[in-house]
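Participant: This is the structure I want to talk about, given as structure tokens.
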Amino acid sequence: EAEKCTKPNEQWTKCGGCEGTCAQKIVPCTRECKPPRCECIASAGFVRDAQGNCIKFEDCPK
């Protein structure tokens, strides 16, 4: 059963991956599943900022 993600632009994933951040948009990642969690919706261009929010990569502080 999917958990509720409380922050905007997050989605629950049963097979956790490697999230992009403002510091590194694409994070090299193995194919093994990490623990299930809420992750930023990478397919829509969202990455995790320093405050833990999911924002568009182009909106990251320069």
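Positions of Cβ are set from backbone N, Cα and C atoms, glycine also.
Sharing the features that Swiss-Prot gives for it:
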| type | residues | note |
| --- | --- | --- |
| DISULFID | C5-C38 | disulfide bond |
| DOMAIN | 5-60 | domain 'TIL' |
| DISULFID | C15-C33 | disulfide bond |
| DISULFID | C18-C29 | disulfide bond |
| DISULFID | C22-C60 | disulfide bond |
| DISULFID | C40-C54 | disulfide bond |
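If you look at the structure here, what lies around each of the features I listed?
Facilitator: Mapped onto three states, the DSSP output places C38 (disulfide bond) in strand.
There are 11 other CB atoms within 10 A of the CB of C33 (disulfide bond), with all protein chains counted.
Cβ environment of C18 (disulfide bond): V27, P28, C29, K34 lie under 8 Å away, each six or more residues apart in the same chain.
The local packing around C60 (disulfide bond), expressed as other Cβ atoms within 10 Å of its Cβ over all shown chains, amounts to 16. DSSP assigns C60 (disulfide bond) to coil, not to a helix or a strand.
In this view, C40 (disulfide bond) is surrounded by 25 other Cβ atoms within 10 Å of its Cβ, with every protein chain counted.
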Participant: Quick one: Cα separation, C15 (disulfide bond) versus C38 (disulfide bond), in Å?
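Facilitator: Their Cα atoms are separated by 10 Å.
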Participant: Measure from the Cα of C5 (disulfide bond) to the Cα of every one of the disulfide-bonded residues C22, C54, C60, then give the nearest.
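Facilitator: Looking at Cα distances from C5 (disulfide bond), the smallest one goes to C54.
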Participant: When the number of other CB atoms within 10 A of each residue's CB is tallied over all shown chains, which of the disulfide-bonded residues C5, C15, C29, C38, C54 has the maximum?
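Facilitator: Counting every other Cβ within 10 Å of each candidate, the maximum falls on C54.
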